[in-house]
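**Q** When I checked TrEMBL for this same protein, it listed these features:
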type    : residues       : note
BINDING : 69, 71, 87, 90 : Zn(2+) binding site
DOMAIN  : 259-543        : domain 'RNA polymerase N-terminal'
BINDING : 489, 491, 493  : Mg(2+) binding site
């Protein structure tokens, strides 16, 4: 529907039989009302044209060709706002053929039929409103159970005995012989969906709310009994009462009557939503949507029931069996397989019902309405990009050249690399001047954010904005810290790329959707950008050092064995694991690493400032090395002290690795950056 503000929305719910007939019925100029489907065969076998009163009838659903009736006569297209025009011979409206995509029909059911969505789906709305077990209601609907109550004004056996129940397949045998069974189901015995409809029609929703609230208060005042089983039973009953009150309030708020959950008129979908194909040879059968076959199944059983009801007399057991078949046919149409094994066709293929067409990833809503393809979008596998910043992502050249093609064409023409748009397109298509294309593409992408989305988008962090960086290859590079927000990992996951075109969309992406501005989970406020998986392993390897077992440090008191000497650089014998080097600052250590004199996990001594009080409390050194000048080195577990002849501390070194230095420098830069941002904000 479209509201007064022109906002399109879709509302799904219950409607009355009068509303269903109003949607389908049309009044012809001769006063005839059409809209009811009565014929099983959709096509005439002789002409292959839609049969009158069938599931493809042009009088009910509109013309197949715009402005052409079933007779082949062309007429002026009518306007829904003006007076409609119809053919005087065949009664087909002169209208656009698109009417067959929204004009509905209906089947008038010979007996009430319960809507299986409101009976079998959990929670069962019918069971909640009637406050009865679902099993009992199912037996009643499918004629395996019956209840009786006196409805006649004159005294009867049932009125004398009161309301009672029969839980047997052949309930007529339990009735006294002097009480005739002919027509009894219309007088006193209730079974099938008609019994459900009678009970739903007798409900007073406001009384249900008041009684449920009173019972809930009574259970609340009783409190706990100490018996675990009884307490759990009370809690379940209280939760049920809350659901029942909420359901009754919903029916009142939406002005929906509970008995509408039992169908008397079955809507027939427009033919445009259930297409039927027919080959030229007359021996073939119509092909197309499974919905058509299920509709034929319902109408066939319904017509048989109509014939049984018009034949006098007909055994009640036969009528009840046919009512059960009609109920099962409608159940299969609405939700195939909801009561057990699904119904299959002659080729052992399961019929697709309404539920199968609507729900799921391949359903009408998610695939057709919500899953539309959009321009300026792409899709590829994601891989880790450890060199990227948090707000950056690597975009492959092949994807970027397609997404930003209009911008690249404008750049080629403006910079006189192409005289016109056509030649610029050919240069892009044939990948001529790839170096120039790469340069122009970098300039275009420099100020243009992109959006990355990973399905399913369950919360707002499922789609975030990034600054694209041009990369080689065919995979999208992503910073590992943003994976938690997307619930992504690098085992073959794919992500979609979207380009915001308008200035408003780009501003929204920069101000609200950039990844470095979404560091906290919107639900609970916890940090969302935390190291996981590969990053934790990398940090462990970076800071673990070159260990042999648990005690690889030769100066660890628990491991007094010397480590094996292993050369790192054959040209410089000073850098050996048996003789760990000393560096005055971290820059010297980084220089040695770049010259490949030490490895990332090689331990060395780095000059540092430590609290002497902490050093004194360390106790006895592990080793002491004396030099000819009189100075000596006191080696502890993780630091080294150089003392003079007078035992004064000349310098202090700590034992570390280059991985620790890299990590601490990054942490220091991050802290300084946060401090600068906070000081700038104040």
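Residue numbering: from 1, along the chain as shown.
Here the Cβ of each residue, glycine as well, is placed from N, Cα and C on the backbone.
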**Q** Determine the Cβ neighbour count for residue 90 (Zn(2+) binding site): the number of other Cβ atoms within 10 Å of its Cβ.
**A** 15
**Q** Compute the mean position of the Cβ atoms of 489, 491, 493, which form the recorded Mg(2+) site, and then list in sequence order the other residues of that chain whose Cβ is within 8 Å of it.
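**A** Everything else in range on the chain: 382, 488, 490, 492.
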**Q** Which has the fewest other Cβ atoms within 10 Å: 489, 491, the binding-site residues listed?
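**A** Candidates: the binding-site residues 489, 491. Fewest Cβ atoms within 10 Å: 491.
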**Q** Output, ordered by sequence, the same-chain residues six or more apart from residue 71 (Zn(2+) binding site) with a CB under 8 Å from its CB, or 'none'.
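**A** Once residues fewer than 6 apart are set aside, residue 71 (Zn(2+) binding site) is near 87, 89, 90, 92.
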**Q** May I ask for the distance between residue 69 (Zn(2+) binding site) and residue 493 (Mg(2+) binding site), taken between their Cα atoms and rounded to an integer number of Å?
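**A** Cα to Cα, residue 69 (Zn(2+) binding site) and residue 493 (Mg(2+) binding site) are separated by 53 Å.
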**Q** Starting from the Cβ of residue 87 (Zn(2+) binding site), draw a 10 Å sphere and report how many other Cβ atoms land inside it.
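**A** So the number of other Cβ atoms within 10 Å of residue 87 (Zn(2+) binding site) is 21.
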**Q** Tally every other Cβ atom lying within 10 Å of the Cβ atom of residue 69 (Zn(2+) binding site).
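**A** There are 24 such Cβ atoms around residue 69 (Zn(2+) binding site).
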**Q** Which residues, sitting 6 or more apart from residue 493 (Mg(2+) binding site) on the same chain, put a CB under 8 Å from its CB?
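**A** When sequence neighbours closer than 6 are ignored, residue 493 (Mg(2+) binding site) has 381, 382, 454 within Cβ distance under 8 Å.
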**Q** Starting from the Zn(2+) site formed by 69, 71, 87, 90, give every other residue of that chain whose CB sits within 8 Å of the mean position of their CB atoms, in sequence order.
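**A** Here the nearby residues are 58, 70, 72, 73, 88, 89, 91, 92.
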